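I have placed the structure first, in the form of C-alpha coordinates, so that the comments after it can refer back to it.
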Amino acid sequence: MNQATMVGIVDNDVFALQAIAAYLKRALPDSYSIAWLANSGGKALDFIRTEKHPDVMLVDMSMEDMEGSSLIRAVRERDNHIYIIAITSFSLQEYANEASAAGAQTIIGKSELKKLVNTIIQKDILQKTICGNVFQSPQKSFEALAQNTRNGIHSLSNREKSIIALCSQGDTSVEIANKLGLSESTINTYLKRAIAKTHARNRVHLVSMWMQSCLRHSN
(Lines of atoms letter the chains of each structure in order from A and count residues from 1; the text may use other names and numbers.)
(Lines give C-alpha, C1' and ligand atoms only; values in the text may rest on other atoms or scores of the structure.)
Protein backbone atom coordinates (compact mmCIF):
# COMPACT_ATOMS: atom_id res chain seq x y z
CA MET A 1 0.00 0.00 0.00
CA ASN A 2 1.41 3.38 -1.03
CA GLN A 3 2.02 5.94 1.70
CA ALA A 4 -0.14 9.04 1.73
CA THR A 5 1.26 12.25 0.28
CA MET A 6 1.70 14.53 3.27
CA VAL A 7 0.94 18.27 3.13
CA GLY A 8 2.12 20.88 5.64
CA ILE A 9 0.50 24.33 5.79
CA VAL A 10 1.98 27.51 7.30
CA ASP A 11 -0.05 30.70 7.76
CA ASN A 12 -0.14 33.07 10.73
CA ASP A 13 -3.78 33.92 9.93
CA VAL A 14 -5.47 31.12 11.88
CA PHE A 15 -8.77 31.58 10.04
CA ALA A 16 -7.07 31.27 6.65
CA LEU A 17 -5.01 28.33 7.91
CA GLN A 18 -8.10 26.41 9.01
CA ALA A 19 -10.06 27.36 5.89
CA ILE A 20 -7.34 26.19 3.50
CA ALA A 21 -6.89 22.95 5.45
CA ALA A 22 -10.64 22.25 5.45
CA TYR A 23 -10.88 22.84 1.71
CA LEU A 24 -7.90 20.62 0.92
CA LYS A 25 -9.28 17.81 3.08
CA ARG A 26 -12.46 17.87 0.99
CA ALA A 27 -10.86 18.42 -2.41
CA LEU A 28 -7.73 16.27 -2.37
CA PRO A 29 -7.87 12.52 -3.13
CA ASP A 30 -7.82 10.05 -0.23
CA SER A 31 -4.14 9.40 -0.93
CA TYR A 32 -3.35 12.88 0.42
CA SER A 33 -3.27 13.85 4.08
CA ILE A 34 -2.68 17.06 6.05
CA ALA A 35 0.50 16.38 8.04
CA TRP A 36 0.34 19.46 10.25
CA LEU A 37 -0.79 23.08 10.48
CA ALA A 38 1.54 25.82 11.75
CA ASN A 39 0.55 29.41 12.53
CA SER A 40 4.16 30.64 12.54
CA GLY A 41 7.42 30.01 10.74
CA GLY A 42 9.02 28.88 13.99
CA LYS A 43 6.39 26.20 14.57
CA ALA A 44 6.76 25.00 10.99
CA LEU A 45 10.50 24.54 11.49
CA ASP A 46 9.82 22.67 14.73
CA PHE A 47 7.47 20.31 12.89
CA ILE A 48 10.06 19.70 10.18
CA ARG A 49 12.74 18.96 12.79
CA THR A 50 10.59 16.60 14.85
CA GLU A 51 8.04 15.14 12.43
CA LYS A 52 8.31 13.35 9.10
CA HIS A 53 8.99 15.91 6.37
CA PRO A 54 5.88 16.73 4.33
CA ASP A 55 5.94 16.01 0.60
CA VAL A 56 4.30 19.37 -0.13
CA MET A 57 4.49 22.53 1.95
CA LEU A 58 2.30 25.64 1.62
CA VAL A 59 3.91 28.81 2.97
CA ASP A 60 2.21 32.17 3.46
CA MET A 61 4.57 34.89 2.26
CA SER A 62 3.52 37.56 4.79
CA MET A 63 3.86 36.30 8.36
CA GLU A 64 4.67 38.18 11.55
CA ASP A 65 7.39 36.11 13.22
CA MET A 66 9.27 35.20 10.05
CA GLU A 67 8.98 36.28 6.44
CA GLY A 68 7.68 33.53 4.17
CA SER A 69 10.79 33.81 2.03
CA SER A 70 13.01 33.28 5.10
CA LEU A 71 11.12 30.12 6.04
CA ILE A 72 11.26 28.80 2.48
CA ARG A 73 14.99 29.44 2.32
CA ALA A 74 15.58 27.79 5.71
CA VAL A 75 13.78 24.66 4.53
CA ARG A 76 15.23 24.58 1.03
CA GLU A 77 18.83 24.99 2.23
CA ARG A 78 18.41 21.70 4.13
CA ASP A 79 15.98 19.75 1.94
CA ASN A 80 15.90 18.99 -1.81
CA HIS A 81 12.63 17.04 -1.88
CA ILE A 82 9.81 19.07 -0.35
CA TYR A 83 7.67 20.73 -3.04
CA ILE A 84 7.17 24.26 -1.67
CA ILE A 85 4.20 26.36 -2.77
CA ALA A 86 4.26 30.02 -1.75
CA ILE A 87 0.77 31.40 -1.11
CA THR A 88 -0.37 34.99 -0.73
CA SER A 89 -3.50 37.10 -0.50
CA PHE A 90 -1.65 39.92 -2.26
CA SER A 91 -0.69 40.32 -5.90
CA LEU A 92 1.64 37.56 -7.09
CA GLN A 93 3.90 40.27 -8.48
CA GLU A 94 4.62 41.47 -4.94
CA TYR A 95 6.16 38.21 -3.75
CA ALA A 96 7.06 36.18 -6.86
CA ASN A 97 10.69 37.30 -6.88
CA GLU A 98 11.21 36.57 -3.17
CA ALA A 99 9.53 33.16 -3.42
CA SER A 100 11.56 32.13 -6.45
CA ALA A 101 14.87 33.29 -5.00
CA ALA A 102 14.18 31.52 -1.70
CA GLY A 103 13.61 28.16 -3.39
CA ALA A 104 9.85 27.76 -3.82
CA GLN A 105 8.51 25.83 -6.82
CA THR A 106 5.60 28.16 -7.55
CA ILE A 107 3.42 30.90 -6.06
CA ILE A 108 -0.38 30.87 -5.98
CA GLY A 109 -3.01 33.28 -4.69
CA LYS A 110 -4.95 32.12 -1.64
CA SER A 111 -8.20 32.64 -3.52
CA GLU A 112 -7.12 30.21 -6.27
CA LEU A 113 -8.05 27.09 -4.30
CA LYS A 114 -8.79 24.86 -7.30
CA LYS A 115 -5.43 25.75 -8.82
CA LEU A 116 -3.82 25.03 -5.47
CA VAL A 117 -5.34 21.55 -5.38
CA ASN A 118 -4.25 20.80 -8.94
CA THR A 119 -0.72 22.00 -8.20
CA ILE A 120 -0.46 19.84 -5.08
CA ILE A 121 -1.54 16.79 -7.07
CA GLN A 122 0.62 17.41 -10.13
CA LYS A 123 3.72 18.76 -8.33
CA ASP A 124 5.05 19.97 -11.67
CA ILE A 125 8.84 20.14 -11.35
CA LEU A 126 9.36 21.67 -14.79
CA GLN A 127 10.85 25.15 -14.79
CA LYS A 128 8.16 27.81 -14.99
CA THR A 129 8.11 31.60 -15.16
CA ILE A 130 5.64 33.63 -13.09
CA CYS A 131 5.61 37.43 -13.18
CA GLY A 132 8.99 37.28 -14.92
CA ASN A 133 10.55 35.10 -12.20
CA VAL A 134 11.87 31.60 -12.85
CA PHE A 135 10.75 28.82 -10.50
CA GLN A 136 12.75 25.60 -10.48
CA SER A 137 12.44 22.05 -9.16
CA PRO A 138 13.26 21.32 -5.49
CA GLN A 139 16.60 19.79 -6.50
CA LYS A 140 17.70 22.67 -8.75
CA SER A 141 16.61 25.24 -6.18
CA PHE A 142 18.56 23.36 -3.51
CA GLU A 143 21.68 23.35 -5.71
CA ALA A 144 21.33 27.06 -6.55
CA LEU A 145 21.05 28.02 -2.88
CA ALA A 146 24.01 25.82 -1.99
CA GLN A 147 26.13 27.59 -4.59
CA ASN A 148 24.97 31.03 -3.45
CA THR A 149 25.72 30.12 0.15
CA ARG A 150 29.27 29.21 -0.80
CA ASN A 151 29.98 32.48 -2.57
CA GLY A 152 28.02 34.76 -0.23
CA ILE A 153 25.55 36.07 -2.83
CA HIS A 154 22.64 34.93 -0.61
CA SER A 155 23.73 37.33 2.14
CA LEU A 156 23.39 40.47 0.03
CA SER A 157 20.63 42.92 0.94
CA ASN A 158 18.01 43.95 -1.63
CA ARG A 159 19.69 47.36 -1.90
CA GLU A 160 23.09 45.79 -2.54
CA LYS A 161 21.58 43.50 -5.17
CA SER A 162 19.89 46.40 -6.96
CA ILE A 163 23.17 48.35 -7.04
CA ILE A 164 25.11 45.37 -8.40
CA ALA A 165 22.42 44.87 -11.02
CA LEU A 166 22.92 48.46 -12.18
CA CYS A 167 26.70 47.93 -12.18
CA SER A 168 26.17 44.92 -14.45
CA GLN A 169 24.48 47.27 -16.93
CA GLY A 170 27.63 49.41 -17.05
CA ASP A 171 26.44 52.22 -14.77
CA THR A 172 29.05 54.14 -12.76
CA SER A 173 28.66 54.96 -9.07
CA VAL A 174 27.60 58.49 -9.99
CA GLU A 175 24.95 57.23 -12.41
CA ILE A 176 23.65 54.71 -9.88
CA ALA A 177 23.53 57.40 -7.20
CA ASN A 178 21.45 59.63 -9.46
CA LYS A 179 19.04 56.81 -10.31
CA LEU A 180 18.53 55.78 -6.68
CA GLY A 181 18.60 59.24 -5.13
CA LEU A 182 21.66 58.47 -3.02
CA SER A 183 25.13 59.96 -2.78
CA GLU A 184 28.09 58.51 -4.67
CA SER A 185 29.86 57.75 -1.38
CA THR A 186 26.82 55.79 -0.17
CA ILE A 187 26.82 53.70 -3.35
CA ASN A 188 30.52 52.96 -2.93
CA THR A 189 29.92 51.97 0.70
CA TYR A 190 27.23 49.50 -0.36
CA LEU A 191 29.58 48.03 -2.97
CA LYS A 192 32.43 47.69 -0.44
CA ARG A 193 30.09 45.82 1.91
CA ALA A 194 28.97 43.54 -0.91
CA ILE A 195 32.57 42.81 -1.87
CA ALA A 196 33.37 41.94 1.75
CA LYS A 197 30.33 39.67 2.08
CA THR A 198 31.04 37.75 -1.13
CA HIS A 199 34.84 37.76 -0.79
CA ALA A 200 35.04 39.19 -4.29
CA ARG A 201 38.43 40.58 -5.36
CA ASN A 202 36.98 43.81 -6.75
CA ARG A 203 33.87 45.34 -8.32
CA VAL A 204 34.36 43.51 -11.62
CA HIS A 205 34.63 40.18 -9.82
CA LEU A 206 31.55 41.03 -7.74
CA VAL A 207 29.48 41.72 -10.87
CA SER A 208 30.77 38.51 -12.45
CA MET A 209 29.71 36.47 -9.40
CA TRP A 210 26.31 38.16 -9.40
CA MET A 211 25.72 37.42 -13.08
CA GLN A 212 26.80 33.79 -12.69
CA SER A 213 24.35 33.42 -9.82
CA CYS A 214 21.55 34.88 -11.95
CA LEU A 215 22.39 32.53 -14.83
CA ARG A 216 22.34 29.48 -12.54
CA HIS A 217 18.97 30.52 -11.19
CA SER A 218 17.49 30.88 -14.71
CA ASN A 219 18.74 27.51 -16.02
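The backbone N, Cα and C atoms fix where each Cβ goes, and this holds for glycine too.
Automatic prediction, not curation, is the source of TrEMBL annotations.
Note that the structure is predicted; figures quoted are calculated from it, not measured.
Feature annotation from TrEMBL assigns domain 'Response regulatory' to 6-125.
In the three-state DSSP scheme, Asp60 (4-aspartylphosphate) is classed as strand. According to TrEMBL, the feature 4-aspartylphosphate maps to Asp60.
For 149-214, the entry in TrEMBL reads domain 'HTH luxR-type'.
Residues in the domain 'Response regulatory' (6-125) partition by DSSP class (helix H, G, I; strand E, B; coil) as 54 helix, 27 strand, 39 coil.
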